[in-house]
2 protein chains.
Amino acid sequence: MKEIKVGLLGFGTIGAGVVKLLKENASLIEEKTGARITLKALADLDISTDRGVDVTGIHLTKNADEILADPEIAVVVELIGGYEPARSFVLKAIAHGKHVVTANKALLAVHGDEIYAAARAQGVEILFEAAVGGGIPVLSAIKGNLAANRFSTVLGIVNGTCNYILTRMTQEGADFAEVLKSAQQMGYAEADPTFDIEGVDTAHKLCLLLSLCFGTRVNLKDIYSEGITSISAEDVNFAKSFGYRIKLLAIGKRDGEQIEARVHPTMIPIDYPLADVHGVFNAIRLTGDFVGPVMFYGRGAGRDATASAVIGDVMDLGRNMEAGISRRCAPLGFLDQMVTEYPIKPIGDVVTKYYIRFQAVDRPGVLARIAGALGASGISIASMVQSARSSDIVPIVIMTHEAREADIRKALAEIDGFDVIREKSTFIRIEDNLT
Amino acid sequence: MKEIKVGLLGFGTIGAGVVKLLKENASLIEEKTGARITLKALADLDISTDRGVDVTGIHLTKNADEILADPEIAVVVELIGGYEPARSFVLKAIAHGKHVVTANKALLAVHGDEIYAAARAQGVEILFEAAVGGGIPVLSAIKGNLAANRFSTVLGIVNGTCNYILTRMTQEGADFAEVLKSAQQMGYAEADPTFDIEGVDTAHKLCLLLSLCFGTRVNLKDIYSEGITSISAEDVNFAKSFGYRIKLLAIGKRDGEQIEARVHPTMIPIDYPLADVHGVFNAIRLTGDFVGPVMFYGRGAGRDATASAVIGDVMDLGRNMEAGISRRCAPLGFLDQMVTEYPIKPIGDVVTKYYIRFQAVDRPGVLARIAGALGASGISIASMVQSARSSDIVPIVIMTHEAREADIRKALAEIDGFDVIREKSTFIRIEDNLT
């Protein structure tokens, strides 16, 4: 039986999962690939801490070069994360003719073009199922059996930390700061949660989803990103009263030759399957011209689920190696030379429905002034709620029909200048008309 | 550019979808596979009726042999359905060295072994993503990126007709017969709906799911199947009051060296994502030892969604042909020689929770007798509801803790003999403890 030797860079949580999976399911992997996949070596700056997994027979080293230069190693699994040294290691592995499997969305979102080009030049593969949605095999599906579709929309709940926080805010009526603190104590949020709660991680993943769905290169800077830090318990409650839930969504849409690419808190109807994705679970919903809507749901992070995706990719490589081929499918599913670059629509040009909350002095005529200013900007009101008076300042909530974001921003800037408005108005985009 | 010529057997609804997809998305398919996939010929007994799709350039014939014997045709797509002549045509295509793509679950559930063996002997591929869940790429996922997992459970809502009927019964409080009639008028149920509503179609699909998840051959006759014809509006309402919805599920579980394989109406908690799969949509939920629970959701039938899966398979073959290989993955994901045959657990040995409805005379002491008989059979009661009296015969509903099905059946046979029981008691299995 052919033996395929793997080198692992990074012995963190997911690295430990990979070690565990390769050991526990070794016979299963042979039964499916016809090859023995063994972990030959593992590099990490810390190789002395016990990760609770059996490393018998694996060469442990602090020096990544021992893996990158080892001619016996055919596949390098990069689980270091971040930009450097991950980028240099991946490029070096490719230069040495090794296939690469990575879970590193940040790296690919920023340096993907360079890495794909290097892999192409060397005739090696770069696979990254674990980079989006943890164990959910969504990238394989887009490149694989869904490949016959032109996609119009991709929506994803792809950050477990944000979804955990929003789920608890919804269930408990609690405020953001309070839930974040508890999430940090429970290990569901990092000590520095910026990348998660500001939507950066979600934007990285959207970048990859866009590339695979539309065959486009994406400049990360063009993705509009807004996190969940300004979502209040009040907004969550108003959402509920209108029949919506608030989720941080990665949204990609094809609109002719333009792409919409945005990450922001979004109100979705409670009867959408996406609205029932709770806690640290992830889900990705795609719309193809033939398949229609299709949704994938599962654990978006965690040691074992992510290891499942990583080893799924290694087995894919193993099957290719058994067949004596490489790159039967290009990294983005489209032939490299077919990958194009659609311009991304500026956020001001996006048209959607909006939830807007004003904090206004409770005085006759206020509503008329707000409605008048919205109307003057061409914004049509779908419904309105003014809460029962409990203080002199009351929230006024307006749900709009479809409007251009630039018009919304202009109208709000004007309204926020009114003497009767006592806080900066907030708005949340709505997606309730999915095809 | 390489041209891959396809022959299509069966020009029904899905056949028309395949013709449409190959025409409309021809350039996309080239951008992803590097090959031109063309439909050379199409065979159907009726080639004169207009299916509303453009057949320019396609050779139409009533004689399947013109396709099966054409050396230019590399891939045969079988969309005739049923056992014969589909079986003979598929075997003949394989004998002529052609790869086969089919949506025919009945054929594979019954004649799969013969067909897989023939394909293996000829070194050709047999792909059948469209056979389960329509456009949902669940089989590819099980064979592909989820391959590193040992699966413990697979649950599927895989019959759109049943799910449509149960959804309307739930939403409208209507009875089965009434909704079936309307579903037939609207084209959501066949004139002869037996295969759907009796669970036969679902059992066919379960058979394939079991084979791919567990690497096992399954004898269709060993799958316990119960349809939805005896579900009443009353049961649907009781389910709701206990926080459940009723779905027709395909259930597969690995229990040591045995497999549970059963199809029946099942109560699932309303907060399970599966409970929100409405109408003709399908969903399949798998649990792997590493990935944990993962769910796939989408259109389980229909012209375009099914064509997406069929052409997804053809593109998979196209990529293999471009690479000059065949059978890089075996039909069931496991190497053929590794496919085994786990015995299926008899339904009497299945342990689950039960909803039981008795129709009893409203008289003191009745409940005590029922509870006593259940207790004597070792069945423990979790909760009980006796409806307010509206007639002399009242429903008594009991929810049990986990019990062995043989014990339930024995107890019910005894209780149904009581003079105070006025109808055959009904029971519905519950799945509310999913890992």
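Heads up, the Cβ atoms here are built off N, Cα and C, so glycines get one too.
All annotation found in TrEMBL is predicted automatically rather than curated by experts.
Copied over from TrEMBL:
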- B:LYS205: active site, proton donor (ACT_SITE)
- B:LEU9, B:GLY10, B:PHE11, B:GLY12, B:THR13, B:ILE14, B:GLY15, B:ALA16: NADP(+) binding site (BINDING)
- B:LYS105: NADPH binding site (BINDING)
- B:GLU190: L-homoserine binding site (BINDING)
- B:355-429: domain 'ACT' (DOMAIN)
By Cα-Cα distance, the member of recorded positions B:PHE11, B:GLY12, B:ILE14, B:LYS205 nearest the residue listed as 'NADPH binding site': B:LYS205
Other C-beta atoms that fall within 10 angstroms of the C-beta of B:GLY12 (NADP(+) binding site): 14
The domain 'ACT' (B:355-429) - residue tally per DSSP class, helix then strand then coil: 22 helix, 28 strand, 25 coil
Candidates B:LEU9, B:GLY10, B:GLY12, B:GLY15 (binding-site residues) - the one closest to B:GLU190 (L-homoserine binding site) by CA: B:GLY12
B:LEU9, B:GLY10, B:GLY12 filtered to the binding-site residues whose C-alpha is within 10 Å of B:LYS205 (active site, proton donor): none
Cβ neighbours within the same chain of B:LEU9 (NADP(+) binding site) - under 8 Å, at least six residues apart: B:ALA43, B:ASP44, B:ALA64, B:ILE67, B:VAL76, B:VAL77, B:GLU78, B:LEU79, B:ILE80, B:ALA86, B:PHE89
Binding-site residues compared (B:ILE14, B:ALA16) - highest count of Cβ atoms within 10 Å: B:ILE14
Cβ neighbours within the same chain of B:GLY15 (NADP(+) binding site) - under 8 Å, at least six residues apart: B:LEU8, B:LEU42, B:ASP44, B:ARG51, B:LEU79
Residues flanking the NADP(+) site, with Cβ no more than 8 Å from the Cβ centroid of B:LEU9, B:GLY10, B:PHE11, B:GLY12, B:THR13, B:ILE14, B:GLY15, B:ALA16 and excluding those residues themselves: B:LEU8, B:GLY17, B:VAL18, B:ASP44, B:ARG51, B:LEU79, B:ILE80
CB contacts for B:GLY10 (NADP(+) binding site) [other CB atoms within 10 A, all chains]: 24
Same-chain residues at least 6 apart in sequence whose Cβ lies under 8 Å from B:PHE11 (NADP(+) binding site): B:VAL19, B:LEU42, B:ALA43, B:ASP44, B:ASP46, B:ILE47, B:ARG51, B:LEU79
